[in-house]
Structure formats: C-alpha cells, structure tokens
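Below: the structure, in structure tokens.
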Amino acid sequence: MLIKEYHILLPMSLDEYQVAQLYMIQKKSREESSGEGSGVEILANRPYTDGPGGNGQYTHKVYHVGSHIPGWFRALLPKAALQVEEESWNAYPYTRTRYTCPFVEKFSIEIETYYLPDGGQQPNVFNLSGAERRQRIVDTIDIVRDAVAPGEYKAEEDPRLYRSAKTGRGPLADDWARTAAQTGPLMCAYKLCKVEFRYWGMQAKIEQFIHDVGLRRVMLRAHRQAWCWQDEWIELSMADIRALEEETARMLAQRMAKCNTGSEGPEAQTPGKSSTEARPGTSTAGTPDGPEAPPGPDASPDASFGKQWSSSSRSSYSSQHGGGVSPQSLSEWRMQNIARDSENSSEEEFFDAHEGFSDSDEVFPKEMTKWNSNDFIDAFASPTEVEGVPDPTVMATKGIEDGARAPRDSEGLDGAGDLVVEACSVHALFLILHSGSILDSGPGDTNSKQADVQTLSTAFEAVTRVHFPEALGHVALRLVPCPPICAAAYALVSNLSPYSHDGDSLSRSQDHIPLAALPLLATSSSRYQGAVATVIARTNQAYAAFLRSSEGTGFCGQVVLIGDGVGGILGFDALCHSASAGPGSRGSSRRGSMNNEMLSPEVGPVRDPLADGVEVLGRASPEPSALPAQRTFSDMANPDPDGSQNSLQVASTATSSGEPRRASTASCPPASSEAPDGPTNAARLDFKVSGFFLFGSPLGLVLALRKTVMPALEVAQLRPACEQIYNLFHAADPCASRLEPLLAPKFQAIAPLAVPRYQKFPLGDGSSLLLADTLQTHSSLFLEELEMMVPSTPTSASGAFWKGSELGNEPASQTAAPSTTSEVVKILDRWWGNKRIDYSLYCPEALTAFPTVTLPHLFHASYWESADVVAFILRQVIEKERPQLTECEEPSIYSPAFPREKWQRKRTQVKIRNVTSNHRASDTVVCEGRPQVLNGRFMYGPLDVVTLTGEKVDVYVMTQPLSGKWIHFGTEVTNSSGRLTFPVPSERALGIGVYPVRMVVRGDHTYAECCLTVVSRGTEAVVFSIDGSFTASVSIMGSDPKVRAGAVDVVRHWQDSGYLIVYVTGRPDMQKHRVVAWLSQHNFPHGVVSFCDGLTHDPLRQKAMFLQSLVQEVELNIVAGYGSPKDVAVYAALGLSPSQTYIVGRAVRKLQAQCQFLSDGYVAHLGQLEAGSHSHAPSGPPRAALAKSSYAVAAPVDFLRKQSQLLRSRGPSQVDREGPGTPPTTLARGKTRSISLKLDSEE
C-alpha cells in the first residue's frame, strides 16, 4: 500500500471553497463525460445523518474509464472491470471517499480530507500511528508553481494570468502562499490517500501511477480550475449547487443511456445495480478525494482507474456456465486466478514488492521521491526527449525529517550539493540501461524510464534498510535511456498480422504477434550499429556526470550494469565492443577472428564500422580500405562466402589465453554529448564493469541467430568486458531466453538456478552459485567415462572428477578420462564469470493463462519492484565487495564504534607484523536467568605462534539479528595467554534467542565471532559428532572430507522439529574457522559448535565435559546423539539409552546392545524419523522458537573451494595469484596451517 498526504493550499475561505469544490465537480462531470469508456454516472446524491463526520451529503457515482487504461492492461480485463464505483460522504469540513470494484478485490482507494483555515503546517491531522507516519509521503500541491501536463494547459486556467472580474483577485505570484498567510484568506485541504493494488508484478507501478496521474495530476488541475472559475460560482449558494447537481445527474444519465443503448445494450445498466450488491468486505484502501477526484476523463481515468471495476463482471459467471466461454469470462478468470494465487500462497510470499514491511519500525525510508508513470497513458503528450542523459535518479538513502516534502524534479540536482562529504560514500554505482518493453511502439518516455528506476530505487532502499544495513547509503542508481530499437520491428510485424485490417478488439485479444521475431529484426537493422554507439556514449555520459556530482566525488567503487529486455542486448554488445576496442585486447588472437558478411541483403560484405580505427585485431591480412564503413552491429554474425578476412568485431574478443576477463582500465577521451552517427575510435566504456544483470532479455535468441547464420562462430568467444553476467528471467516470460546452453550445450539438461523468495530467504538459501559446484554436482553429464563411487544427493555432491584418487581404491577411479577432464576445464575457461548465468524468478502459475501479448509489459514492470531481484543483486554486489580486501585485512563489513588505536604494548606491532590473525571465540549456551559470560582467544599465526597480550578488545552483540545492527557491550583487555572473559552486564542480559557476537581488536580491527544462545530450562537438544557422524572420508592428509549422503537432511529434520542442534568435535579450537566453513559449504543447519581447548591427547574427555556442562549447568535435555563407535561411551555417560544413541558405520558386535547402528545410512534413517515424526516432537515446556537457518545463509563461505584442483590445468602461478578463495563473511580470515586434522589444504 502506498500512502500519501497531499496538502493543497488555496487563497479563499472554507465557505468559499465548499461552493467552489462542488461547482467544479459537477461542471467537470458535464464537460468530460463523452460516453462509453469515458464518463460519469451519478446514481445517488442525498443527505445523510450520523455518518462519517456526522451529518452530510452522500454521493454514489460510476466512472467509466476504459479509454484511459493502457491497451495491454485493458486486454487483461473484461469490460465490466472498466467501471469504478465511488461512494463519498461529504460532512464538510470533513469528507471521506471510497472507490470499490468487487471484480478486483485486492485493489482499493480511500481518501480522507480535512479542510482547515491554515497554511498546511499541521504535522498529523489524521492521528496516524508511528508506522503509518513513516510510510506516509507528504506532498504539497502548489496551484501556481506546479506544472500541469502539456496537453492540459490552458491560459484561462493559469492562476499566474487569471484575474477575477467580480472579486478582483489575482493574478497569483510565486510567493502567493506567504502573502496569503499574512493578509488572508488562506485554507488548506489535507488529503490522506491510500492506494493498494496487491497483484503480482504490477503493484508498485500501478500504485504510483494512480497517485501521480490519477490523484495528484487530477487534483492539481481541478484546484486550478476551481480558482479560475470563481466568477462562475462566487455568487452561488448551496441551494444553487444542489440544483446544479440534480440537473447534471439527469444530463449524464441521458448521455450514458444513449451510449449504452447504441453500443453495449443492457449490460451497461449492470454497474449501477451491482454497486448496491458490492460486498462490504471488499478492501477499500484509499486515494484521491472523492468530490475532487473528479469525474472527468482526466479524473476518471486516473482516479477512475484507481477506483474500482464494476461488479457487473459477475454477470459473466453465468455466461461461463451457460453457453460457451466468452473472452470477458476468460479475462475475469485470469485476474481471479492471480488473486487466488496470492491468497493460497500467502500474501507475504506471493507479492514480490516490498509492501510487507509496513509494520516494521526501521523499514521505510524517511524520504521517497515522487515520480510519474506517464507510460500508462497511451495518448499522453510527453515533452521531447532531451539529447544526452536526463536528470539522474538517485537512491533515496539519506533520510529527511518526517513529513518533509519530497523534492520536485527541478530541485533534485540543487539539493545534491548539500550532500558533499569528505570521502565518497558510494561503493557501488548501478547504471540502468532502460529501453522499455519489446512491445513499446513509441519513442520512449523519459519520465516513464525514470519512474521505473525510482521504483527500483525504492525497492533497493527498503530491502537494504532491513537486511543489508552495511550497504545503506553506499549504493547509487543512475538511468541510461536506451533507444527503443524494437519499435520499428513491432510496427512492421503488426502490419503483417492477419488482423491488421480489422479494427475490432479481436486482433488485440489474439496472440498473432511473433514476439521472438522482434529482437531478431531489431538487431538486424542497419540502424542497430548506431544504437549500440549511442548506448556506449550515454553510459559514459552518465558515469562522467556521476563523477562530477557531489555524491560521486572520489568514487572508486564497482560499477554494475542492469539492462532490461532490450537494454540488455544493447549493453551486451557494448561490453563486447569495449572488450575488443581497449588496448591489449584479447581479440588480438587469431582464434577470435571470424569471417562474416552483412545480415541485411541490401548491403554487401563490408568492414565492421565498430572496428574502424581499432588495430589490435591481428588479422592475417589487412582489410581493404575502400570498403564502405556502414554496417549493422548485429550483422557481424554472417559468414563470408568469399572467404574474406572481415573479422567479427564482437566475436573476435575471445582467445585461449589465460588473461583475466576484465575491461581495460586505460583512459580514453570522453564520449560526446550527442549520440554519434556511428562508433568512433573511443566507442567503448570508460570504466570497468564488475557485473551485468539482465532482466528478461532475449539476448539468447539474438546470439542463437548469429550462431545460426555463422556456424563457425563460438558464442563463448564473445567475451563481454565484465566479470560476471546474471541472466534473470521468469519461466513464463515469452521474451526471455537462456544463455548457458549456448556456452555449453550440456547445460540444457541443467535447470537454471532458482532465485530464493525474499520473504523466506532474504539473505539467500545457502545454495552455491559457483559454476564449479554445478559441474561437480552434475559431474555425470561431463565425465561420462568416469565411474562415480559416491552418489550425488541434494546435500552431498561427489567431487569425483576433481580428485579421482580420493574416490576409492578401484583403478577406474584413479584418473579421469583426458577428453572429459579437458571439457570441464574448457567450460571453466570459456564461461562468462565464475558463477552460473541463468537464474529463474518466481511468478504465479496463473500467468500462463494470460494472453501472451500482455505478458511483456507485465513482466517488464515486475522486475523494478521485485524484492527477490533486489535482494539477489545486493547479495552478489556485497559479496563482490568483500573479496577485494588485501590478504592482511579483515573482511569487516561494518564500521566499528571505535577507530583503530595505538597498541597498548609497543612489542605487539613487531610481534604480529608478518602473521595472520587466528582469533576465535567459543559458542556459549546459557540458561535463561543465569549469568551470561563470553569467552575468546586472540592469537596470530597458523599454529598460534603469537599471543595477543594486554590489548583492548571491544565486544559487540547483535541484539536484533535481523536488523544487522551491532551494539557495543563493553571493552576488555586480553590476559597473558591471549584469552578474554566478558560477563554480560545484568542490566543488558539477553532473552531467549541466538545472538551473533563479534569481538574486535582495537588495534587492528581483526575480530573473532561466535554465538550466544540463551535457552529456557528443559530445552531439548540433539548432539552430532562432526567427524564421527558427518564425514565419509578421512581428512588427516588435508583434503576436504566428503559428507555422508543424507546427513544434512537428518540434521535439518531435527531442527525443523524444534530441537536445538549441538555439534561437537575433538579438533582443536584453532581450526574453528575451517570446520564452521565446512559446515557452511554443505548447508548444515545452524547450531552450537564445541571444540577442544588446544591440542589434547584425550578429545573424548573434553567432549564429555562439555556435554555434561550443558546438562547440569544449562539444564538442556539431550534426547539423541549421533557419532562414531568412540562416542558411545560419551553418550552413555550423559544417560542416553541405546535407543537414543545412533552410530554411523559398520556394526561392532560388542557395542550392539549399547546403541543403534545405522547400517543402511542416513537416507533410510531419515525415512524412519519422518514416519514417526509425531513421536519426535519436543515434549518440553513451551518456549520461544530459536532461529532456524543454515550456516550457508549466515555465512556464505567459499574459501574451502578446491581451487587447487579446479584450476590445476591453469598452472600454479595463477592459483597463487588468485589465492585460496573468498573468506567467510561472518568469520575472521584465518590462514591456519595445522599439521594434522585439517579440513582443507591451502596452497
């Protein structure tokens, strides 16, 4: 729901305004009702008593809005849904208006208005709650200074020009409000408008459209008219107004009756009747004020659009079950299904916009900039597009005081100067390549593009504020408008439609437009080359403008590109050209050179204009200089039958060298502000691109066409100048296509990765996005000749083809087939990044029943408001930020409260100079009400060779884990052995829950992390021995142990059943980072982890002591234990019965009476647990639920990846350069080199 409070000032008294308002409404109803699709019917207008506001006038109207709704959206709706009913209660100076449409149950508008004799200074007229006030946007409408739409301006309605002949008032100057406040009269209409449209993919866009076009635009014009028509109403009384209203009602009834009789027949009468049948439970959120939210075509379309659609749609139900299925009933069924989908799947899961945060205190930004969705009006006159880059849309991350007005567009850049800071606070710049939907027929409206970017910006802030607080204020968005290259193709294909000659609605309701052909035709045009050059120039302009702005001064962060369907194609080719145009291009390899000719038949084989002036291609023979320089960028995919050496510029960027895939950072002259006619020598991006996100782009089809017309072309050779490409799409999107099968054909058998739903997994579900992990999981597809010894399960992927010698003793598993191994290496080398490329987004199944021609608009709108998309992007960008630290730095993602200080001891700086931190803190479990004590040890070096003695350590606790805010609890000094004990003050004792703890060394900001778990008495727990119950291979030699099949599922079953998970291991605590990272790598559920205190000869004794302390001091009730035969005695000492002790592995005869051996493995055991799940429910006292999550969610760790094996063919030097991988995000970076008991090796 979008809530705005409008303040409308007028220089008149309240009594005058009452007459002016009612006169204006009835006059606009007369003038702007033209009949079917645009008009107003007044069904009732009578006084009431004891209603809203006391006694007043009740009005019931029907708005006809069909002609004011975009054609693609109109195709989704039956005619009955194009009528909106309005009920208003006017108890002046209080009014209330409600718009209803039973057909669209999850759409509602509600407006409350107070008319007060002041200047609009009252901050909370409507007594809103704190959450509502944070969500509310205050917008002051100035009838003089605010601009009206170009097609609506009339000189006689301009307050700057109007002077009343009867009252002598006017004209009004720009400072009229200040003058009226001093001299009077002055009044203010406070209008609280609530708009809700809870349908997937359209929520944010339509809610904002209703506010900006249906409410604000209508109210601005209506109040300008009310002022400028004062000579007509100044002498009227309320009795005269009522008489005019009755006359208007009769006139409108006659006009609509004629129209209905001539076109619709009796169906038009249904709306009026159905209004009395409207269900009282229909959602009625709000929008513009009833009386003013005018009746006319301007008002009604917008307001009407916001209003609701007549319940006469129910009449189609009978026709659906009567004789045949009509198009109207099909439309009803589609919308009902999309609404029903939302109900069945729970609204929190179904609606992808960030609406769900309305009740949170810290969710809503304090400032939300206004924007206009003018693209929803088909015939709206938009100003000519200005060459160059429009006013940038900046993410509203810097809050303002509550109630402050959102800045006007003209004030946006001026205000930016106030945001100057000493250092650039922006760490990631997003450049949005926005071209529009492939079905856009016009030149593209800049305001519409800015509206989409503002929607994305709002979604960014909402998600960032809740789950990525470290990124708040460090992200900026800029719009790069791209040419609508598909417009000409759409016009051409529309003319070829079998129904192009038919003007009725049949052609709109049928899917006769081949959507897949549009991008293919567009990229084959002779003008496509210029479009790519224009995109490069505008992108460079946007980047340069950002650097010149106060926000971008000193910017040195990463630049990310986001491209919509068409913008993604243009951006991809721009990146490919940038990769080949830069100095030292990889295109110098002969391998990348391809023969080609023009795709367009009218132009013969010519030189690629994008390659003009670029002499780094290393062709075998020079190209003739006499060849003309005109050629389309897309035509580079054609073979040259004459065998000429015309090289495919885009394809020529790929080589077999091991050079890193990154854009050249060499400087180049800035692009000109005007879009060039053709690419120049400097037609490349001026900056390095870290990631490129595609939103439903048909890029795969375009590349497939180039591959088809040029069989010798290898798509993988089109190396875009970015580090990673992410192809996001909905499975039902008819415009989207995959990319991975073009790079590796066998990926057609591998499903795209599913982007986790934000409502369930805001920080991700722990699934690995790495290409190497996918190749490992699906190794059977790529290593067919290799015998796999360990089955691949959802929780355990065999690493057979990475380390053939570790599978077993069989000779077949010693080495992999050379051909298949080289294929895997080839895929890794040719891939566009190190992660998967194709990602599938959630969409309702009901969308498959919608007309195909309506889906491109719907899906294009859905990306900008999708919290799933925003959270996914933030996870990738923030993850990208963390590995950029140097090896001696810590991956801290927050700013500690205290800056670095000098060491307390002078020797400390010398002792730790060449060693890496290996701090660790023990997970602590305490019973509620008992003292809470945290313990940590601060050491440096792989074997704890240096002890941090006598230094300050700050203790931070995340008291609200979802908030991401670290609270400083205190400071302690380490003792002579590097240990620290910190008792939590009693006044700050924490309640039941799991709390992350971070202990930060004041001197260098390295830190240790652990969890403080507070439980109630009698909490039931399950214990797992890591080495005894999880590992399927011995890890003494330093290899990464495999996970037993089904182990993760068993642990997750116990956690889902409500038990506390406890992990124990006999490994020394110096290996904590590696063990927890291993658990994270395999998605084990979060739990308490216990280690031995240093190296010990009796680890079982320490295990037993730890578990005994849990039972005696914490009062845990351990109900089951898993481990190896060595752990039987430990569990027996705890009092566990044989039926509660589960041992994995071969049965030992002497222990058969003391435990249960799981000889059939975890998979069979899990089936037994699930079959008797009712008997495993916790029987303890009721308690607050502890967090249920995976280690991989809290700490996406990938520094355990076996890069030494994955990259073996690339040579040891590159492995050394790239390092062992990425450190865990919530674990201190450790480079432990233990002599024994290692989980992984580091080269």
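Glycine too: its Cβ is placed from the backbone N, Cα and C atoms.
Small disclaimer: the values here were computed from a predicted structure and weren't measured.
Record note: of Ser88, Ser304, Ser986, Swiss-Prot gives the feature phosphoserine to Ser304, with no matching annotation on the rest. Scan Swiss-Prot for phosphothreonine across Thr270, Thr287 and the hit is Thr287.
In Swiss-Prot, the feature phosphoserine is assigned, of Ser329, Ser360, Ser647, Ser977, to Ser329; the remaining candidates carry no such note in the record. Comparing Arg340, Arg900, Arg1210 with the features listed in Swiss-Prot, the residue bearing the annotation omega-N-methylarginine is Arg1210. Cross-referencing Ser373, Ser524, Ser580, Ser922 with Swiss-Prot, the residue annotated as phosphoserine turns out to be Ser373. The local packing around Thr59 (phosphothreonine), expressed as other Cβ atoms within 10 Å of its Cβ over all shown chains, amounts to 23.
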